[in-house]
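Student: In case it helps, TrEMBL gives these features for our protein:
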- 381, 399, 401, 402, 526: Mg(2+) binding site (BINDING)
- 16-154: domain 'DDH' (DOMAIN)
- 215-309: domain 'DHHA1' (DOMAIN)
């Protein structure tokens, strides 16, 4: 027996039926509850059917309202929970405090709980109202007008006027209209704007903020809610006022309650999953529309940060980016522990130093990458190189502690570099600065960004200066002839000595314009991650002949050095001059 048939068989066993929705009912909850009641009354006129809870204040004034029943009625009734994934969020707590004779759940949310009864849960359906319509269309050729209207109300609100409807949803909606659903009355009641609502909408549109990653948001304190004459939950439901703000892919409103908690409503475009965000704050909902209650209004910023993470995870190579950022954070924590307690230093065969911090960071990153992506080879400064990587289109390139001398000298100018290369060019990169907590990251064709544990993500862009430029130069690897020559150039305003890949990242941030490394010295792991950060910030990262730098080479040395420029016009030294310096003994 299918579940729809089982539904009718179970209903026929009871004389009294109580329908429950969720607290703070939306249009789908209201329309599904009252629509189900109207259908049960139509098919089984001898039965007593009640809707328990509160009403949807945007419903037409002559549409039905909730019922009031005593405990004796509830104890002798079949319960039907609609649009209610978590029974603890029921419109009336008696749903789970009074033991029912039987219970049915009809829902379309993704939520798992211990449920002992008939479950009709269809997660790919746009609204609970659609499921109820489908159930009764197996029994009726045509639904009564009131029932069709109530289900249509639930349908249109949960799909945002069919913006999120699937083809099958649109077919059911069309059928409800043919059955006489009063769409004009519903749209007039729900979408007509009062002067009061327009004032609040105007405030939202004039006060919202948007992150560089594409999250449009506003936090409304309780005092402001009262000023506009709305309760906090109603304010949060104004969330679609921010719908389709230019270049935003998630939008949200957080409204403070009297007790310091807050309501949060989230919406998104396309495949951006805000349901997973709401779940982290004990809420739920759908892929593109979810909500939650925050324990504190101050947690609003945490929600925005989770939204930003969700957005960069949605990039083409976002899964790799997420993993790389988390590994960089773990490695940074380990490196800082060594930084504060001292390290053992050894000299490698190429005469460069290595510390116990390098090796500890390397272990965290390499183990993490191998566990997550066992088929992608890794080129790391602290690992034995394997020529097999040359046969792979993709390779991770890692410097677990870039600027080891800076680390030893306690300059705070050391970094952790992780990049993923495809077809010889970085496509995702992360540069972590453990001493400041900053993490720079970039994704091909998606931009370069920076954030710290306390900050929102900021998009990077190189400066526009082409004259009186600031040049970064290595604090530990210097060429005297180059320094003498560059200081004669009128374009140069100042030189600042900076360690590690921090130089490139700060140029991407617009803090300087030029950086040179002359000839052989650096290797692929020194430059790969920061190169993508510079390029995605609008700058140039080239060799000393102003040719592109490629990666996953047999010879890992950057034999032609590198040149970082915010603009081509900012170049201080010609190719010929660089070549002469390089060739001088």
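We count from 1, first residue shown onward.
Even glycines carry a Cβ here, placed using N, Cα and C.
Keep in mind that this is a model prediction, so the values were computed, not measured.
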Student: Quick one: give me the count of other CB atoms within 10 A of the CB of residue 402 (Mg(2+) binding site).
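Tutor: A count of 28.
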Student: List, in sequence order, the same-chain residues at least six positions removed whose CB sits under 8 Å from that of residue 526 (Mg(2+) binding site)?
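Tutor: Spatial neighbours, sequence-distant, of residue 526 (Mg(2+) binding site): 399, 402, 417, 501, 558.
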Student: Compute the average pLDDT of the predicted model within the domain 'DHHA1' (215-309).
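Tutor: Averaging the confidence scores along the domain 'DHHA1' (215-309) gives 96.
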Student: If you count other C-beta atoms within 10 angstroms, which of the binding-site residues 381, 399 is the most crowded?
Tutor: 399
Student: May I ask you to report the DSSP-based helix, strand or coil state of residue 526 (Mg(2+) binding site)?
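Tutor: For residue 526 (Mg(2+) binding site) - judged by DSSP and reduced to three states - the answer is helix.
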Student: Report the same-chain neighbours of residue 401 (Mg(2+) binding site): residues 6+ apart in sequence with Cβ closer than 8 Å to its Cβ, ordered by sequence.
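Tutor: Spatial neighbours, sequence-distant, of residue 401 (Mg(2+) binding site): 335, 355, 357, 358, 361, 362, 407, 414, 415, 416.
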Student: Counting by DSSP secondary structure, give me helix, strand and coil numbers for the domain 'DDH' (16-154).
Tutor: 49 helix, 28 strand, 62 coil
Student: Do you know the DSSP helix, strand and coil residue counts for the domain 'DHHA1' (215-309)?
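Tutor: So the counts come to 34 helix, 28 strand, 33 coil.
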Student: Using the Cβ centroid of 381, 399, 401, 402, 526 as the reference point for the Mg(2+) site, which residues of the same chain not in that list have Cβ within 8 Å?
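Tutor: Once 381, 399, 401, 402, 526 are set aside, the remaining close residues are 358, 398, 400, 403, 404, 415, 416, 417, 500, 501, 525.
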Student: State the three-class DSSP label for residue 399 (Mg(2+) binding site), counting H, G and I as helix, E and B as strand, and everything else as coil.
Tutor: strand
